[in-house]
Amino acid sequence: MEKKQNQRPQQSWLNWNTFFWVMLLLLIINSFVYPKFGQPTVKDTDYATFISYVDHGKVNKVVVKDDIIYFTVGKEQFKTVEVDDPQLSDRLLKAKSPNKSGRIEFTKTLPQKNSPLLDFIIWWILPALIFFGLWQWGAKRMMKGGAGGGGFLSLGKSGAKVYAERDVKTTFADVAGQDEAKETLKEIVDFLHNPKKYTRLGAKLPKGALLVGPPGTGKTLIARAVAGEAHVPFFSISGSAFVQMFVGMGAAKVRDLFQQAQQKAPCIIFIDEIDAIGKSRDQAMGNDEREQTLNQLLTEMDGFDATKGLVILAATNRPETLDKALLRPGRFDRRIIMELPDLEGRKAILQVHLKDVKHSDIDLDKVGRATAGSSGADIANIVNEAALRAVRLNKNEIDTDDLLESVETVIAGEQKKGAVISPEEKRIISYHEIGHAMVAACQSHSAPVEKITIVPRTSGALGYTMQVDAGEKHLMSKEEMLNRIATLTGGRAAEEVMCHTVTTGASNDIEKATQLAREMITIYGMSDKYGMMQLEEVRNRYLGGNTSLTCSAETARDIDKEVARIIHEAHEKATRIITEHKAEMDAATAILLKKETITGEEFMKVLEDNSPEPVAE
Ligand code: ADP
Ligand code: ZN
């Protein structure tokens, strides 16, 4: 993520663009100095032919110029290279000619030589002047800022994307869910519409608001929507664009941006990835360029007149790294949280994106549940994948199946066609997946199994069991977490019990189970020994959440032991469940092997049909 900073100062004018134009100019100059274009064609001949023409009295005119002999025979023009021939003059004087005078017109012109001074000016001074002029001009543009787009010469353009979009079509209707965010931003829209209403009472509106949330939750989208709703220009720039530029340019660009924006006010400035410049200044690895840029931003934010209707929106997914000065009142003092959408939110986002495609009646609830944990951008992607799939299958509309299949594509990768898996391997994979499903189904608190498949995926998964929570989950109890861990170990347990082997297929399960068990102890306070003591600190909450231990090495060892114990117990439980349901395991695996994919209902039916007693514990 971290962009390379502290770049060598580049000379902005020395680029291909400039080179091209200078070369073109030189070419034009050249063509004026040697105007050879547009002359009648002159045929090349050898000297002997020339002499033979002269001797036969056919030549009208001879001109010797720059060691080349031009001569005309009738209407035709010829040329030949002058040979050191002392008798040439004699010959020409004596020769006959079709001319009236009976003589050949015969002249020699002096080589037209430029004076050395002129040559020098044309070839050295002029290009240098042109070059210098272009440079000056570019530099001036750079100072004024390239905002407003590049001209025909993109000299001195910093590469930062700053342009004002005048007619933003996005509105709040395009942003599904995120109702709290919209509520807060509506005030800003209202302010942009009618600043006087607020200033009349002396109310100060926020100059800036910070949109915080994981990637793809629609931060950019909602910022555009504010501009669209308020019918004001939308300036958009990415924070990283400020710092990857030439040294000293970041601050200039900020100055520029605000100057431009103030002219166009009311308007909105949107700074994406503000953490790229707004990083806390006291962090170990200082970066002068970034600090200068940040300071300039702070100055500008303090300086501008908010009553004109200039609002700055910034987006970040790492709010904790931001410099405190940025968050002070009068700067980005409002924080708008954009969370990952919940079930209702996902359904709403689905609807928004389904509007753009042809689709049949979609089971929104089913797709919504299957996309748990997805961001708005993921869902947009899923709808697009579904459309692609429908096209591939020559369908007229997208249906629920396309969407569900593309959910899997986005989550697990494309189905891998033609992967050769031996029957024995297939058998083990089937038992493994049925093992997960069996353990999940036999624990009353586990989510029902949605689908089991042994179709390999390009992501490397050889098969998988898709579990979908019935409703939206916000809390998970300790018991549920333990059950989930048991379900994760179910695959390996099935391999052991049913196939008497262990395979590498469980690596992903192991990773997930270990992580869950660890979180139970260190983050959720679910261990008996340490209780509610925080043992691990979560950083980057909106970017996957790195954690770091906050306890002593001794405690860390204890945690490891505890994690091992939890997983071991879960594994034993899973083994017990599978041993008790061997008959159902065999039956379900046989069906899975035949069909490759079975639904949760089909699986539960096999369970019921083959179970001697009711399934639930
Ligand atoms: P962010 O800036 O938070 O990373 P974006 O605003 O760039 O995310 O979102 C990327 C895309 O995801 C949007 O263009 C839109 O298609 C889709 N999207 C994200 N959130 C929503 C939402 N709440 N409603 C509709 N579409 C959304
Ligand atoms: Zn597994």
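The backbone N, Cα and C atoms fix where each Cβ goes, glycine too.
Automatic prediction, not curation, is the source of TrEMBL annotations.
Among the candidates Asp342, Asp356, Asp509, Asp528, the one that TrEMBL lists alongside His432, His436 as binding Zn(2+) is Asp509. When each of the binding-site residues Gly213, Pro215, Gly216, Gly218 is scored by how many other Cβ atoms sit within 10 Å of its Cβ, Pro215 comes out lowest.
Across the domain 'AAA+ ATPase' (205-342), the DSSP tally of helix, strand and coil residues reads 63 helix, 29 strand, 46 coil.
Within the same chain, residues at least 6 positions away in sequence whose Cβ sits under 8 Å from that of His436 (Zn(2+) binding site) are Val449, Ile452, Thr465, Thr487, Leu488, Gly490, Gly491, Ala494, Asp509. Summed and averaged per residue, pLDDT over the domain 'AAA+ ATPase' (205-342) gives 81. Here the Cβ of Lys219 (ATP binding site) has 27 other Cβ atoms within 10 Å, regardless of which shown protein chain they belong to. Among the recorded positions listed (Gly213, Pro215, Gly216, Glu433, Asp509), Asp509 have a CB atom closer than 6 Å to some atom of ligand 2, in sequence order.
Using the Cβ center of His432, His436, Asp509 for Zn(2+), the list of other same-chain residues with Cβ within 8 Å runs, in sequence order, Glu433, Gly435, Thr465, Leu488, Thr489, Gly490, Gly491, Arg492, Ala494, Gly505, Ala506. Taking the centroid of the Cβ atoms of Gly213, Pro214, Pro215, Gly216, Thr217, Gly218, Lys219, Thr220 as the ATP site, the other same-chain residues with Cβ within 8 Å of it are Leu211, Leu221, Ala315, Asn317, Met338, Ser375, Gly376, Ala377.
The local packing around Glu433 (active site), expressed as other Cβ atoms within 10 Å of its Cβ over all shown chains, amounts to 26.
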